[in-house]
Amino acid sequence: MQTRLSNIKHLSRQELRQAIANLGEPAYRTRQIHQWIFSHRAATFEEMTTISLELRNKLADQFRIGFPILADCQQDGSANDPFSTVKLLLELDDNEKIETVLIPSENRMTACVSSQVGCPLQCRFCASGQTGFKRNLSADEIIDQVFSLNDFIRTKHESNEITNIVFMGMGEPLLNFENLKESIEVLSDQSYKFNLPQRKITISTVGIIPGINELGKSGLKTKLAISLHSASQETRESLIPVASEFSLTQLRKTLSEYTSQTGEPVTLVYMLLKGINDSVEDARLLVKFSRSFLCKINLIDYNSIINMKFKPVFNETKDMFIQHILDAGIHVTVRKSHGASINAACGQLAAKGTQKAENRNNL
């Protein structure tokens, strides 16, 4: 049985540089090949016409260029509605599956992408953590989610493409920092075709303090969102087990340093859960926590998940909570839920699908 060749896309830039050197080629070839893969999206080495035939043959002898398989596609609402949420289930090289979501609106096309297969953090209100953790995604597996969504957009909106990216899919992005960073650098590279400004990219974390510090020093110009969900240490630990390792006091100090360093506000994401974090006292604690650094608050509703007993709050409770924050002079928004009917909303991604797999040409 013939051994399957390695997927060249899985190599980091440093690993690709070393592979090219091992072939006896000059370093500048690395950039050329990388551009063919991630800017021109070459499917074969034969397409790389600016590279010698000899090198193309060498590459073809050692590597292949692989793509994720579209295993399922679900749309929230009518297939003819250009603004309905879409969820893609992608099958990776090792047969693991991830989900990525397109959230269209009149002014933007947002890609919600995953950073890991599953999630190790097991947040109590999130389906991704209940599936278990398999592995980190490579940089190309992150990038290919964006490209897959872009391909889908072109079947519905000929002149549109992804305008924003949020790392709010499966996994904790800051636990996969190197691959996260490389994927962002590729997607924002001004010499590549996609070329999305980093300010259009948001990284969401539950508050991994070493990762926040690393992000602050990385030179990336992305936005940062913190999945806070409670400003009570006890309540937060009951919802987010890893919060026991990173106290709210530590997190507040880290975010104060981060915003001072970057000059940019962070977004505090707060999912309202009936009877758990929705009281006047909870609102007071949230206001107190947010006064220490530059931030805005984004409230979201709970999206139902099978086998979880949480419930969304009543509108009256939500209005009271919002008013308390506004009275304190703090900017607050309420995020509209997208894709709940296809389990594509916040906290619902669990890499489940039903449709037969097909190749990328059918995206």
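Here the Cβ of each residue, glycine as well, is placed from N, Cα and C on the backbone.
Listed in Swiss-Prot for this protein:
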- Glu99: active site, proton acceptor (ACT_SITE)
- 105-341: domain 'Radical SAM core' (DOMAIN)
- Cys112-Cys346: disulfide bond (DISULFID)
- Cys119, Cys123, Cys126: [4Fe-4S] cluster binding site (BINDING)
- Gly171, Glu172, Ser204, Ser227, Leu228, His229, Asn303: S-adenosyl-L-methionine binding site (BINDING)
- Cys346: active site, S-methylcysteine intermediate (ACT_SITE)
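Feature annotations (Swiss-Prot) mapped to structure.
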residue : record                               : DSSP (3 states)
Glu99   : active site, proton acceptor         : strand
Cys119  : [4Fe-4S] cluster binding site        : coil
Cys126  : [4Fe-4S] cluster binding site        : coil
Gly171  : S-adenosyl-L-methionine binding site : coil
Ser204  : S-adenosyl-L-methionine binding site : strand
Ser227  : S-adenosyl-L-methionine binding site : strand
Asn303  : S-adenosyl-L-methionine binding site : coil
- prompt: Nearest to Gly171 (S-adenosyl-L-methionine binding site) in three-dimensional space, by Cα, is which of the recorded positions Cys112, Cys119, Cys126?
  reply: Cys119
Query: Taking the Cα atoms as reference points, how far is Cys126 ([4Fe-4S] cluster binding site) from Ser204 (S-adenosyl-L-methionine binding site) in Å?
result: 14
- line: CA pair His229 (S-adenosyl-L-methionine binding site) / Cys123 ([4Fe-4S] cluster binding site), Å rounded to integer, equals 11
Message: Spatially, which candidate from the binding-site residues Ser204, Leu228, Asn303 is nearest to Cys119 ([4Fe-4S] cluster binding site), comparing Cα atoms?
response: Ser204
- line: If you count the other CB atoms within 10 A of the CB of Cys126 ([4Fe-4S] cluster binding site), including all protein chains displayed, you should get 25
- request: Give the helix, strand or coil assignment DSSP yields for Cys112 (disulfide bond).
  value: strand
Query: The record names Gly171, Glu172, Ser204, Ser227, Leu228, His229, Asn303 as the residues that bind S-adenosyl-L-methionine; what is their largest Cα to Cα distance in Å?
result: 19
Pairwise Cα distance for Ser204 (S-adenosyl-L-methionine binding site)/Cys123 ([4Fe-4S] cluster binding site) [Å, integer]: 14
Statement: Row Cys119 ([4Fe-4S] cluster binding site), column other C-beta within 10 angstroms, all chains, value 26
- line: Counting across all protein chains, other CB atoms within 10 angstroms of the CB of Glu172 (S-adenosyl-L-methionine binding site) number 27
Message: To see if you understand the setup: which same-chain residues, six or more apart in sequence, place their Cβ under 8 Å from that of Ser227 (S-adenosyl-L-methionine binding site)?
response: Cys123, Ser204, Thr205, Val206, Gly207, Ile240, Val269, Met271
Field: Between Glu99 (active site, proton acceptor) and Asn303 (S-adenosyl-L-methionine binding site): CA-CA distance (Å)
entry: 17
Statement: Neighbouring CB atoms within 10 angstroms of the CB of Gly171 (S-adenosyl-L-methionine binding site), all protein chains considered, total 29
